[in-house]
Every structure is written in C-alpha cells, then in structure tokens.
Amino acid sequence: MSALYGTYARSGLAFERGEGMRLYDQHGREYLDFHSGVAVNALGHGDPHLVGALKAAADKVWHTANTFTIPEQERLARRLVDATFADAVFFTNSGAEALECAIKTARHHFFAKGQPDRYEIIAFTGSFHGRTLGTIAAAGNPDYLEGFGPPVPGFKHAHPGDLEAVKALITPQTCAILIEPVQGEGGATAMSNEFLQGLRALCDAHGMLLILDEVQCGFGRTGRFFAFEWAGITPDIVAVAKAIGGGFPLGACLARGEVAASMVPGTHGSTYGGNPLASAVGNAVLDRILAPGFIEHVEAMGQRLAWHLQQLAQKYPEQVLELRGKGLLAGIRIAPPVRDVVTRLRDDHGLLAMSAGDNVLRLLPPLIVTEADIEEAIGRIGAVFEAIGTGSTAAATAE
Ligand SMILES: *Cc1c(COP(=O)(O)O)cnc(C)c1O
C-alpha cells in the first residue's frame with residue numbers, strides 16, 4: 001500500500017535508467033519513450049551536456065534567494081530575451097506557477113494603469129493550464145473544479161476556433177485572452193493560424209493582452225522555438241515550463257517590457273524560481289535547443305511523423321478517426337478506448353505514449369527522435385491495432 005496521495009492511477013512500472021530515447025525498468029526491460037514525462041525530457045534521457053551542467057552546479061552554491069543576484073539566472077533570462085519576443089522573464093518551478101505569473105502580470109498591468117476593474121480573462125474550453133486554484137479556474141474544466149469551492153473569479157470561456165464567440169465575451173472589464181496554441185491535455189488540438197491571428201487582432205482592437213500557454217507546445221516541440229511563430233503573431237506574455245528544464249523543475253513567464261514594467265518589488269515572488277541548479281540546467285537545455293540545426297531537425301521529424309501517421313490512418317481506417325497536433329506534439333483520435341491502447345503499447349510492445357482528451361493517443365517523443373525511432377513506434381501502434389482487430393472496440397477493456 002503506497003503512502004502517497006491517491007491522486008494518480010499509477011502503474012507499478014518504475015524506471016531505473018535512461019539513455020536517449022530509451023528507458024529501462026527494474027527488470028532491465030527496454031522501452032521506447034514517446035511520452036517524455038509529458039513533454040519534459042526534450043533532450044531524452046542522460047544527455048551528457050545536461051548531466052555535466054547539473055553536476056558542475058552541484059559543486060557550487062545550490063541555493064541563495066531571489067533577493068541576491070543569481071548569475072546563471074541572469075544569463076538564462078538574457079538569452080531567452082535575445083532569442084524571443086520578450087524583454088523580461090520571471091522564473092518559476094512549474095507550468096502552473098508560470099501561468100499564475102502570466103495572469104497576475106496581465107491584471108496588474110491594468111491595475112497600474114488605473115484600471116483595477118479590468119481583470120477578466122477570456123480562455124477556452126478544452127484547455128489545461130495547471131492545478132492551482134487560479135489555473136483550474138482559468139481552464140474552466142468542470143472535472144477539475146468540482147469540490148474545491150468557488151472558482152477564482154474573472155475567467156470566461158469560449159470554444160476554441162470560434163472568433164465570434166470570443167468577440168461576444170469582450171467587455172470593458174476584459175484585460176486579456178489566454179490560449180494554448182496547441183492544446184495538449186485537451187486532445188492535441190492545434191489552433192489554426194487564422195484563429196490566432198484573429199485573437200491578436202481582437203487584442204489590438206480592444207487594448208487587451210494576448211497570453212499564450214506554451215508550457216507543452218513551446219521550446220521547439222512544434223518545429224519552431226514557440227508554436228505561435230507558425231501564425232506570425234507576437235504575443236504579450238508567454239508561459240513556458242516542461243522542456244525548459246529538460247527534467248529539472250523550471251518554468252518561466254516571458255513578457256514584453258511595457259507589460260512587465262508594473263511588476264515591481266513586492267508584487268510577486270518565488271523562493272526557488274530560477275535557483276542556481278535550475279538555471280544552470282536551463283542554460284544547458286538552451287545550448288542544445290538553440291544549436292544550429294536542432295529546431296530544423298524537430299521540424300523535419302514532425303513532418304516524418306505526420307507522414308507515417310497518415311500511412312497508419314490509411315492502413316487502419318477503423319481505428320484511426322482523425323490526426324491532430326503539430327510537429328512532435330501529435331495526436332491520433334482513435335476508436336478503441338485510448339487507455340487500453342496506451343496500456344497495451346506499454347506492456348505488450350514497450351512503447352510509452354500518452355492519452356489526451358477526446359480519446360486521443362498523444363505522442364510526445366523527445367525532440368532528439370530519429371525517423372528510425374518513429375518507424376519503430378508506428379510499427380508498435382500498428383501491432384496494437386492488429387491485435388485489437390476491427391469492430392472489436394467493445395472488447396477492449398476499459399480500465
Ligand atoms: C503541464 C501543463 C501545465 C502545468 O504545468 P505544471 O508544471 O504541471 O504545473 C500548464 N499548461 C499546459 C499547457 C501544460 O501542458
């Protein structure tokens with residue numbers, strides 16, 4: 001009997017070591033990782049550059065506090081600013097905290113401009129922004145709000161893709177629009193360029209801020225550093241986490257200078273955010289992701305994955321209902337229960353994949369994936385579809 005909270009339906013599987021795309025369990029069995037600890041292990045397992053950076057940092061000062069200067073954190077922020085739209089960065093330990101900072105930054109920006117009533121944010125159904133009280137209210141998923149008292153006020157929700165519905169929700173109180181350019185948990189759903197451009201235009205027309213949650217889709221995963229780049233838009237605030245630390249807990253809120261300007265001493269803080277260990281690893285991750293050719297590799301592998309998924313869809317039309325996602329955040333909406341497919345892939349075929357909303361099989365390989373890995377994964381998924389057979393959806397056991 002575990003002494004842990006029962007918040008996860010955990011598998012008994014425990015991994016002992018990892019190397020690149022592969023993980024090994026306590027019995028030495030090998031698994032191909034198309035899960036990446038939920039899009040975190042962007043550089044796979046045991047990357048020597050990351051391991052070296054963490055070991056070197058461990059020999060120095062582990063922790064001070066954000067009231068002192070942390071040189072590695074300064075350097076990471078400068079590099080993120082130089083590489084992106086942002087002028088200022090606040091570091092956190094997680095995605096939800098990065099979103100909390102994004103929401104507070106947007107609200108405080110208008111407070112400082114003498115508009116304290118302008119705090120409402122328009123967000124979207126099917127989104128996921130984390131598990132804090134603020135972020136469950138922001139996402140508005142009733143399953144995650146139930147039982148936790150009154151939701152934090154100030155969030156309204158529209159259906160993603162429906163620009164008219166967004167327009168209808170705008171009031172003088174609206175301060176921002178918050179969206180994942182590619183919904184992860186919700187079902188690997190990519191927003192169209194036109195929709196994101198439409199949101200940007202609405203924000204411009206109404207003096208609102210555009211906040212993007214790139215915790216899952218950012219940091220290279222779609223074949224661009226940020227997923228919003230595909231739409232050619234510039235956001236005001238972006239929340240990142242997951243891949244930014246490559247497995248070390250780290251997140252960040254990036255903002256344009258004018259937007260971040262009101263976040264003065266006393267408005268926000270974090271004991272650990274961007275501490276020396278996290279920042280050292282963050283810099284090492286950035287070394288790899290910004291290296292010439294890295295993002296181009298991700299884009300190419302995203303295209304190969306999409307091509308192989310199309311072949312799979314043609315071969316198994318009974319099982320594959322729809323292909324979704326962008327780059328290496330790919331989804332297959334399937335007919336058989338996705339939990340059963342995920343379990344079979346893991347236990348019978350040694351492939352780690354994930355589920356997402358809408359009965360979607362979600363593939364999130366480390367960004368170092370090769371086409372040979374992709375072919376291997378697609379082969380294993382095909383084998384599960386073969387085993388399940390046609391028309392036997394009901395026979396697949398629901399967990
Ligand atoms: C995972 C995730 C979060 C929350 O990140 P945590 O580190 O679990 O707090 C927020 N937004 C998106 C899009 C995510 O995928």
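Including glycine, each Cβ sits where the backbone N, Cα and C put it.
Pulled from TrEMBL:
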type	residues	note
BINDING	GLY95, ALA96, PHE128, ASP213, GLU214, VAL215, GLN216, THR271	pyridoxal 5'-phosphate binding site
BINDING	ARG131, SER270	N(2)-acetyl-L-ornithine binding site
MOD_RES	LYS242	N6-(pyridoxal phosphate)lysine
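Around the Cβ of THR271 (pyridoxal 5'-phosphate binding site), a 10 Å sphere holds 9 further Cβ atoms from the protein chains shown.
Non-local contacts of GLN216 (pyridoxal 5'-phosphate binding site) by the CB criterion (under 8 A, 6+ apart in sequence, same chain) comprise VAL38, ALA39, GLY95, GLU180, VAL182, GLY184, GLU185, LYS242, LEU329, LEU364. In this structure, the binding-site residues that sit close to ligand 1, with a C-beta under 6 angstroms from any of its atoms, are GLY95, chosen from GLY95, GLU214, SER270, THR271. When the record's pyridoxal 5'-phosphate-binding residues GLY95, ALA96, PHE128, ASP213, GLU214, VAL215, GLN216, THR271 are compared pairwise by CA position, the greatest distance found is 25 Å.
Secondary structure at GLY95 (pyridoxal 5'-phosphate binding site), taken from DSSP and collapsed to helix, strand or coil, is helix. Using a 10 Å radius centred on the Cβ of SER270 (N(2)-acetyl-L-ornithine binding site) and all shown protein chains, the other Cβ atoms total 18. A straight line from the CA of SER270 (N(2)-acetyl-L-ornithine binding site) to the CA of PHE128 (pyridoxal 5'-phosphate binding site) spans 22 Å.
ALA96 (pyridoxal 5'-phosphate binding site) sits 7 Å from ARG131 (N(2)-acetyl-L-ornithine binding site), counting Cα to Cα. When the Cα atoms are compared, ASP213 (pyridoxal 5'-phosphate binding site) and ARG131 (N(2)-acetyl-L-ornithine binding site) turn out to be 14 Å apart. Of GLU214, VAL215, THR271, all annotated as binding-site residues, the residue with the shortest Cα distance to ARG131 (N(2)-acetyl-L-ornithine binding site) is VAL215.
Cβ neighbour count for ASP213 (pyridoxal 5'-phosphate binding site) (all protein chains, 10 Å cutoff from its Cβ): 32. Between the recorded positions ARG131, LYS242, LYS242 has the most other Cβ atoms inside 10 Å of its own Cβ, all protein chains included. When secondary structure is read from DSSP and collapsed to three states, ASP213 (pyridoxal 5'-phosphate binding site) falls in the strand class. Taking Cβ-Cβ distances under 8 Å and a sequence separation of 6 or more, the neighbours of VAL215 (pyridoxal 5'-phosphate binding site) in its chain are GLY95, ALA98, LEU99, HIS129, GLY130, GLU180, GLY184, ALA239, VAL240, ALA241, LYS242, GLY251.
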